[in-house]
């Protein structure tokens, strides 16, 4: 996800402490779900560009090397909306779910396949001893969220949380995203209702579209095959853990792009979509962007580029559901709807309003917290509207899907589809990379048509909303 209209960057993970103080460094909780360690390499090898698979049966992290190639530091691979926080506490806040309702028999809470990205948990080593401002996602995560969640649920949803935040608050960001849009509310509600008409409930939808829960061996196999398809074997470290609150976290660690995947929520179809989203879209466009004369803020200003966020997130969101039999845009639609409603409702009103679409209280809590980010007194109407960019970007791309040069759009890096023709003569296209799923453009465009049909999007209506 992208914070601003400039170059998309990944958030740097905090510097690793000295080797002599291992207790100070937060470790990924190892997984014991799948028996003995898959890979016999000890952590002492410190091989770059590896697939890290923690195991409870061995104290050191196991590494499976994709390649021995060394990756140069890529400053363009810092994503501002990705989290670097990996925590084991506060997973649910109301105790463990009973077996059969959100729990894996092997341990760990299963998160729905399309639930929200985690709001980064604040780390003491980030807050203290640093003069730098915290990243947006940390600054906007309430420091007392677990306590307020407990109060909220104990009140039977009658209490409006009173959130506290780490200082300083990013006021310029809050002001930028304080207004919600209603431009695409009809489309958002239409998508949500289409899902519920077909599946009955959100929970049924997740069970049907998420696919089977994957073992470590299956995850590693899928990731390895995907990296081979994209020709980026050896470039991205992949870590498997049971200690993530999110489904996946993209970060830069020791100057290397690192993708951490949550074992307890890794499902077949979600994992494939996540790889197209994170690697096939964000990562490859970032690599291509680093080769272009507009890779810097100054370069973007020189070429007069439009904000890249809607295109970037629209593409990534479309790629998440690409090739699914039923590619519903549920998450983007519900985020858009939730933020619009939050602008006019208190927290408890919003929570109750979402019940018509989502019965799972934990999922509703996540959506409400994201929509109310930055608010102290949530009894007041107000929203943090940034997450509306997903549906906004999706619909803009679908509106112009027949005229967009998708391969060139990817090759030019972090740019809007509106700037492609302007930049065509200036792009450095030598050795740029296009994701494998975009090379057959006929098939790719057919999938976009399938997405239009499945989500009941009307061509004429999009034309009226987004005229040329």
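Glycine too: its Cβ is placed from the backbone N, Cα and C atoms.
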Task: Residue among 242, 253, 313 sharing the Zn(2+) site, where Swiss-Prot lists 277, 282 as binders - done: 313
Open item on the list: Between the candidate ranges 77-112, 113-148, where does Swiss-Prot place the region 'Disordered' annotation?
Closed with: 77-112
Task: Densest Cβ neighbourhood among 278, 313 (recorded positions), 10 Å radius - done: 313
Open item on the list: Can you give me the same-chain residues 6 or more apart in sequence from residue 277 (Zn(2+) binding site) with a CB-CB distance under 8 Å?
Closed with: 316, 317, 319, 320
